[in-house]
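Engineer: Structure in C-alpha cells, see below.
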C-alpha cells in the first residue's frame, strides 16, 4: 500500500507504519474477498491494504514493492502472518515473474495504489518532496539515473516536454530554460535548490498549489517510468486474475487515472460498436473485464477531513471474465511516454494524445 497520496500536507498518523490507507473500506469491498482466497498487493508501501486483506478469513497475500525500504519495514508483519503473507521486492510490471517464482499461478484479486507513498514524501533524504531539504533523488529504488542526473543533463526541449506531459505544467518552457541557464554555473543537487528556482520563475497566485508541485511530479514519473510501469502492470494483472477475480486500482492524478480508465474501457468493450462486423472484418475480442457499479469511487468528505491527501484519489475496478488475456494494450503507450516530436512553446503543446 502506498497510502495517503495527493498534496504534501501533514498526515494524521503516528509514524510510517500507521499511514492512513486511502479508500481502505472501498478497496476491500471492491475486492470482495473470499475465504481462503489468494490476493496480490502490488504496491505494499506501509502495508495498509495488506493488513486489511489479512484481516479477512484465511486469506493469503503476496505483497510486492520496488522500494527496498518498504519491504524491509514489512518483514515484521510477514513474520506475524503465520505464513499467510509473502513479501517480494520488485517492480509491479514484473509481477508475473514474481508470482511464478513464488509458485502462485493465479489470484482472486489484485490491488494497485499508484504513485509515491507518504513514507517516501515524509523522508527528506529520499528527495521526493519540495517541502524540506534533501538530495534531488526521487528514485524508488537505488539503481538508475536520479532526478538530479536528469535535471543536470537533459536538454531544454526534453525537460520542457517532461514537465508538460508528465506534470501538466503550462510554464514548462520557462522553467526548463531557467534550469538550463542556472545549471551552467551551479549543478542542481538538492530539492530546495530546484523548488526555489521554480518559485522564482513561476511564482503562481495566492491560493494555488506550490509552484514546484507539477515539476516534482513530472520528474518523479520520468525517473521511475511510472506510467509505462502502470501500462505493463495492468496487462500482467489481467493475465494473472482467475475468472471472477477483481482488479482494483487507486490513482491520485489524471495521468494515472486516464490510463486505468481507458484500459478498463477497452477490456470491457465499453465504447465499441455493438453491431456485428461486416464480412471480412475481424470479430471484436470478447471482454476480459466487467465493470460493476458506478465508477470511479471517490473518498467521502469524512475521509478527506481525516486524511487531506485522499482528496484526489479515484478507485476503479473490474471483474475478470473467462476470456483470454489480450496482452499489452499498445494504444495506451502514447499516454505513458513522451511524444516523438515536441512543440516550441508550452502554451501550444497539443493535449490531443491525452484525451
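Backbone N, Cα and C define each Cβ position, glycine as well.
What Swiss-Prot records for this protein is below:
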- 47, 48, 49, 65, 92, 113, 120: S-adenosyl-L-methionine binding site (BINDING)
- 332-355: region 'Disordered' (REGION)
- 346-355: compositional bias 'Basic residues' (COMPBIAS)
Engineer: So which one is it: of the binding-site residues 47, 48, which has the fewest other Cβ atoms within 10 Å?
Structural biologist: 48
Engineer: Just to verify: the residue among 49, 92 with the fewest other Cβ atoms within 10 Å, which of the binding-site residues is it?
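Structural biologist: Checked 49, 92; of these binding-site residues, fewest Cβ neighbours within 10 Å: 92.
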Engineer: Please report the three-state DSSP label of residue 65 (S-adenosyl-L-methionine binding site).
Structural biologist: strand
